[in-house]
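The block underneath contains the structure these notes are about, expressed in structure tokens.
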Amino acid sequence: MSDQRKGITFDGETFTFPETNDMVKTLFDPTVHKSACELIIVTLLVMNSLVFYSVSNNQSRINIFVGMYIFWRLCYNFGIGFLLNQQSNRFRLVKISEKMRLFDKGNKSFWARCVQTEVQSQMGPSYSISAHPVAFNTWLIFRKVVDLILMEDFITFMCVVVACAIDSDYQFLHGQPVWLTTLRLVIGSILIVFNFWVKVNAHNTIKDYAWYWGDFFFRQINNDDLIFDGVFEMFPHPMYSAGYVGYYGFALIAKSYTVLIVAVFGHFLQMVFLHLVENPHIDKIYGPPPNETSLKKLVKLKDLSFFDNVAPLVGLVNFNILRASDIINLLNCLTYAVAIPTVSSLATYNIEAMGKVLFCIAILIKGFESFVINGVLLLQSNYKTISEWYLANNLPVENSLNNFAVLYNSLINLTYSSFVGMNVFKLLTKLKYQDLIITGHIYLRIFLGLLLIITQVMINTSIVDSIGYFGWFYGDFFIPKASVLPQRAHLSKGGVYRYLNNPEQIFGVCGVMGVTMIVPTYDNFMICLLWMLNNFFRINFVERSHMIKIYGEREVSQDSGVMKTVKKHLLPESIQKKFEVSPTNEPKKRTNSVFIESFDSFIKELRSKNTSPVVSKERLAEMSQNEFFSGSDYCLEIEGLEDSSFVPHSFIGEPIEVKFRAPAKHSPKDWVGLYKVAHTSFSRYRTLVSSNNRWDWTGPEEQGTIVFSKEKLFCEEGLYEFRYHLDGKHDVAFISAPFEIKLRHIEVPLESAEADELANQLRKYIFDHVVSGVDDNETPIFVGISQTQDIVATYEHIAMLITKSTGVKVGKRFLIYNDNETGNKFTVGDLASRLINIKKVMHELEGDEYLRIKKLE
């Protein structure tokens, strides 16, 4: 990087600013010239050691250093925070410099001379104060304030660490087994080294400009966006998040709760500083333009349209007292988490038995939740079961997501409530019936447990903020991409997803782990293990395979920020190439989806076995051959059948003409019936099953024609035969050759422009065979159906024919629901449009990548 960098003030003045040194080099490198302020800072830092020599009581030292640390930490977060806030909102520091003319050569005041001397001493004799804007010079002075406060903050913290470590004759080295002391020192050292690497990497990435909050004073040209490189790809705000793990490493080494509390105190104030000072300024300087912000708000509002335009219940957040499901959720939570354990602890004599009951309840509820949610998602992903049912019953597909959200949230609440209730019972009974696996370090366990619980809450909040309620409730499984804004057409890489592809896989069980750490019993460990296994299965074998199907493997398999940094810094280039996703567009097998592929194959094979007939079509035809009546005086011949490779066939709904021939003076009560071959093949000379009104008299004529149509026909595919019966009885005189009734396939297009052609086919091949009076596509179908004897049965019959002929599943009362909505004005044209819409939704739910692979196969 060039030493000369371009900057621009907020007034629009451009300038070139020279290279500056980092804090450590400036203060502690003896080869670097020290200004007066820098010498004062170094002196003050060294003076901290005087406490060790002037105060003999170590506890007093600890108290003094803790007080000093609190002072400097408050100076950091509230002192520097106040200055930066004023500069960000009002340019107060620059305006004070301008008002006092601190950098004006002609100003000979004491403060002006001190400030100018300091700047000149920092930058060297070649630096021209007047050639640089006031904002840059003010920043140089501000840096010295930062140097003093930050270094004093760190040095006083280290003094607290040392004072606590050497307390009671170097207590950090004894009082524990050797292995535990060694482990503590090693882990603490690793955290410190990692913290050091984070700080160094962050400084190398953002340089002094951002390290000293330079963007509060001026902008660096060609640096308009936030930098996401190095450690900034691994952690959000690494200086304030991972940049403080070293504090906890020092607490481990010092073996001191005092150091731990001080570290937590400092870290907490730093997060307050981030929230109140840094983030507002970052949003103002680097935030998205107003139209993009508005678009994000629109996406969130679009999300609400899938949930009745009201924010859905997530846990117990967004609780709405006017929503029945919320009330039930609250009652369930209070019942399982509070009421049952409290009453049980007071009224139960056998505490151990009750504890086992609560454990079994927690296990059963978690197992039930795992089975139901995973099952629903698998069925929806592979067979679109839920969406198909909603569309088939004329319900908006959006309702499927809303109802699943209620189911999902209710079951999740039940699992957490039963788990919490079990542990509340343990605490109320003071663990009388169960021993802890780990008994020591109670305060450390509570601290780490609460930290894990808070981590899960924060991660879940970030997930909802990044992917919205739509993503939180697996909206990709239920809603096609075309139904949402273009921003939903790709996986989110913002928020926590910038750093981790599946944050819930790592942090989704943190809360349960936290409770287990606080109350480490075997029951909790078993439930925690079950939770982890379910979480792993759901993400890797349910969610991931579906995401690949919808968005493509390349997009799903993109490296997260953490993985990029790990590869870059820890893996050789030769190994990195093995992890790269192929850039070609050819579909490839997914190594992590072998289980799902095997599962799909098993289900498809099972379904084919269950739906295939027990006896083949050819065998049924052979069984029906009329070998028993070769010399009979009676005969049946079927007219108008279409030839096929094995047996002639007709189509469902089309009238069938049967010619009969009988001897003279036969009974006028002879009759002909239509039967399934599979139902009658075991009895040749007598029919033992009912014809269900699919019959007609022959009359006294010796020959004639009987037409079977509408209600006298079967509406199922299969092999059939006609039987000639004698004298109104069930004695068989002749059986016709077998024939097949097939389903006429009607292709439903995906384009609305082809609705008229689809309507014509529906009317010709379905409605004209079932009802009368529907002469065109604009005539309400109720006109024809209302003339039938059983209106409801006709509605259901037509719906069944539509499902079988088009392949688009509709409920048996689909037409009834549509007629009710339109006031009996629903037409064949409307039906065609509705079928196209259903087909389009189901098609889009398959996912672009899945359909592309299917075509190639």
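For all residues, glycine too, the Cβ spot is worked out from N, Cα and C.
Note that this is a predicted model, so its numbers are computed, not measured.
The topological domain 'Lumenal' annotation in Swiss-Prot covers 1-34, 85-145, 199-233, 278-326, 378-403, 458-511. According to Swiss-Prot, the feature transmembrane segment maps to 35-55, 64-84, 146-166, 178-198, 234-254, 257-277, 327-347, 357-377, 404-424, 437-457, 512-532, an assignment based on sequence analysis. If you look up Swiss-Prot, you'll see 56-63, 167-177, 348-356, 425-436, 533-857 marked as topological domain 'Cytoplasmic'.
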The transmembrane segment (146-166) touching the transmembrane segment (178-198) per 3+ Cβ pairs under 8 Å rule: no
Contact check, the transmembrane segment (404-424) vs the transmembrane segment (512-532), 3+ Cβ pairs under 8 Å, seq sep 6+: yes
DSSP helix/strand/coil residue counts for the topological domain 'Cytoplasmic' (348-356): 6 helix, 0 strand, 3 coil
Segment proximity, the transmembrane segment (512-532) to the transmembrane segment (357-377), 3 or more C-beta pairs under 8 Å: yes
Secondary structure content of the topological domain 'Lumenal' (1-34), with strand meaning DSSP E or B: 6 helix, 9 strand, 19 coil
Selection from 35-55, 64-84, 437-457, 512-532, the stretch that has most Cβ pairs under 8 A to the transmembrane segment (257-277): 64-84
Mean predicted confidence [pLDDT] for the topological domain 'Cytoplasmic' (348-356): 85
Intrachain residues whose Cβ lies under 8 Å of the transmembrane segment (64-84), provided they are six or more past its termini: 48, 51, 55, 92-93, 142, 145-146, 149-150, 152-153, 156-157, 159-160, 163, 213, 216, 258, 262, 265-266, 269-270, 272-273, 276-277, 281
